[in-house]
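Taking it in order: structure first as structure tokens, then the write-up.
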Ligand SMILES: Cc1cc2nc3c(=O)[nH]c(=O)nc-3n(C[C@H](O)[C@H](O)[C@H](O)COP(=O)(O)O)c2cc1C
């Protein structure tokens, strides 16, 4: 969906509208990525991809709760070589496409990022924040480690976005965000899912095969808004909000807090692919002729 007042830039990357497919949802095959683009998303993002294929955790890997979905997939993915073939297919649609990658250290990020760059993605998202893949270090909780993996930025032309954890330890999150900025990140994505679990009281045991996971959906939107709001005060680079965006109004909330765009995940699972168009149409009519880019951070205005 393209509407002049919804066009935004995240750093140097021009988006036809501010709704991005969230990493990990429908992002494994070229065909599904294309479908999301055709349904109106402003950009599409692959599932997070590592060097080698990973099976992920045994099921159940998702648990529906009254206030959101808890998942522990364990970063299942086919590995970078296979993913590159799917990216080729996705690129046939001329979509704005981001490759999401995860790794254990700077060397792994270097290989993954250079392969993504050669594949022609428009930006690379470093997933530094999966809350349940214990064998993959949660780099995004540590300012030094975060800056360290961004060393790879020097050898790349492609913008690097850094996806941070749902970290409510605000001073730490701000430190990490500043480190990412110092390290050369082109944008921050705030945030991944929040550490969570679901327990079946009757069976007296955790529901998920992996026991613990991450919460997504509308329950986390007020937390995500606060995180974006706090980080916006401290960095100059653009922020992409993620967490519980289910309507045009929700997207505007993130923009007012300081986000230039948003990722949409759970709402696709709940409402289907028409959600991108719905969000854009609602936001467009809310704007009444204004441009969405002019609303970024407006909730920070001093109203006294
Ligand atoms: C089933 C599932 C799988 C996910 N996989 C990934 C992933 O591979 N990489 C990633 O960066 N985030 C992943 N996420 C997190 C989402 O991209 C998003 O940050 C989070 O779900 C919050 O947005 P939402 O409330 O709109 O879903 C996943 C979320 C879900 C629900």
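Just so it is clear, glycine is given a Cβ too, placed from its N, Cα and C backbone atoms.
The domain 'Dihydroorotate dehydrogenase catalytic' annotation in TrEMBL covers 6-285. The predicted model assigns the domain 'Dihydroorotate dehydrogenase catalytic' (6-285) a mean pLDDT of 97.
The FMN binding site annotation in TrEMBL covers 47, 48, 127, 163, 217, 243, 244. Spatially close to residue 244 (FMN binding site) yet at least six residues away along the chain are 68, 216, 217, 218, 219, 220, 221, 224, 250, 266, 267, judged by Cβ distances under 8 angstroms.
Residue 193 (substrate binding site): 28 other CB atoms within 10 A of its CB, across all protein chains. The substrate binding site annotation in TrEMBL covers 47, 127, 192, 193.
Other C-beta atoms found within 10 angstroms of the C-beta of residue 130 (active site, nucleophile) number 25, with every protein chain shown included. Among the features that TrEMBL reports, active site, nucleophile is placed at 130.
Same-chain residues that are not part of 47, 127, 192, 193 yet have a Cβ within 8 Å of the Cβ center of the substrate site turn out to be 22, 23, 24, 48, 75, 100, 129, 130, 163, 214.
Here the C-alpha separation of residue 127 (FMN binding site) and residue 193 (substrate binding site) works out to 11 Å. Binding of FMN is attributed in the record to 47, 48, 127, 163, 217, 243, 244, and the widest Cα separation among these residues amounts to 19 Å. The recorded positions close to residue 193 (substrate binding site), defined as a CA atom within 10 A of its CA, are 130, 243 out of 47, 48, 130, 243. When the binding-site residues 48, 163, 192, 243 are compared by Cα distance to residue 130 (active site, nucleophile), the shortest distance belongs to 192.
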